[in-house]
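Everything below concerns the one structure shown next.
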Amino acid sequence: MTFDRSLKIAPSILSADFADFGREIRAIEDQGADWVHVDVMDGHFVPNLTFGPPAVKAFRKHVTTVMDVHLMISPVDAYIDAYAEAGADMLTAHVEAGPHIHRTLQAIRAVGMKAGVALNPGTPAEAVTDLLDVADMVLVMTVNPGFGGQKFLDMTAKIARVRDMIGDREVHIQVDGGVDPTTAPLVVAAGADVLVAGSAVFRGGSVDAAHVYGENMRAIRAAVQG
Ligand code: DX5
Ligand code: ZN
């Protein structure tokens, strides 16, 4: 993975057909996805349950771009090796997942992945102040994590603070939750470069009507580019 701040769209396969992940991943990549966002939930840190390392490893065979794994689990450290083995390129842990996020980020990098750190809506930007030299990405949540299709929460002031704090470090800012053609320009103007979108990408499409995924992603890019 090389670093740049160009706009990247990372469709969340939480909104895909769960019986057809291989074809869904190929469809979004064919239609222009930059990264593939994989939401891992444990039914404990968040009130929903998705997939674990064997499923993520199976997704890997279909991903030719970047496999971006968002862990909504606690604890994290015991599973880092399993997600490295599963083939994650970026592994993101929540600052709230505890107990030692700095150690967690170091451990993610130590096994060859990029390390992301996520902030829930209720957590201030300052929680990452002392993590920016051990992180490759800050994920600012614009919904409380757990489900797709929730209403966007305006975290633009937080995104702008994180952007200032990052300075010239090579650290991405990702935004996740309620991103669509209306909200994407706001978060990009505030400093985000990686946009996760589930419902706004998959809405109205299917593997047999994948051009809709492409149209949905182009609508987000067009809105951002004005
Ligand atoms: C929420 C997940 C998101 C979710 C986004 O907990 O982290 O990635 O899939 O879904 P939308 O884009 O529908 O809000
Ligand atoms: Zn996510």
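Here the Cβ of each residue, glycine as well, is placed from N, Cα and C on the backbone.
In the three-state DSSP scheme, D39 (active site, proton acceptor) falls into the strand class. Within 10 Å of the C-beta of D39 (active site, proton acceptor) there are 24 other C-beta atoms, taking all protein chains into account. If you look up TrEMBL, you'll see D39 marked as active site, proton acceptor.
Per TrEMBL, the feature active site, proton donor maps to D176. Of all Cβ atoms in the protein chains displayed, 26 besides its own lie within 10 Å of the Cβ of D176 (active site, proton donor). DSSP classifies D176 (active site, proton donor) as strand under the three-state reduction.
Marked as substrate binding site by TrEMBL: S12, H70, G146, F147, G148, G149, D176, G177, G178, G198, S199. The Cβ neighbour count for G146 (substrate binding site), using a 10 Å radius over every protein chain in view, is 18. Under the DSSP three-state reduction, G146 (substrate binding site) is assigned to coil, being neither helix nor strand.
TrEMBL lists H37, D39, H70, D176 with the feature divalent metal cation binding site.
Cβ neighbour count within 10 Å across all protein chains ranks G178 highest among the binding-site residues G148, G178. Under a cutoff of 8 A between CB atoms, and with a sequence separation of 6+ in the same chain, the neighbours of S199 (substrate binding site) are S15, G148, G149, D180.
In three-state terms derived from DSSP, S12 (substrate binding site) belongs to an extended strand segment. In sequence order, the binding-site residues near H37 (divalent metal cation binding site) (Cα within 10 Å of its Cα) are S12, drawn from S12, G146, G178.
Between the C-alpha atoms of H70 (divalent metal cation binding site) and D39 (active site, proton acceptor), the distance comes to 5 Å.
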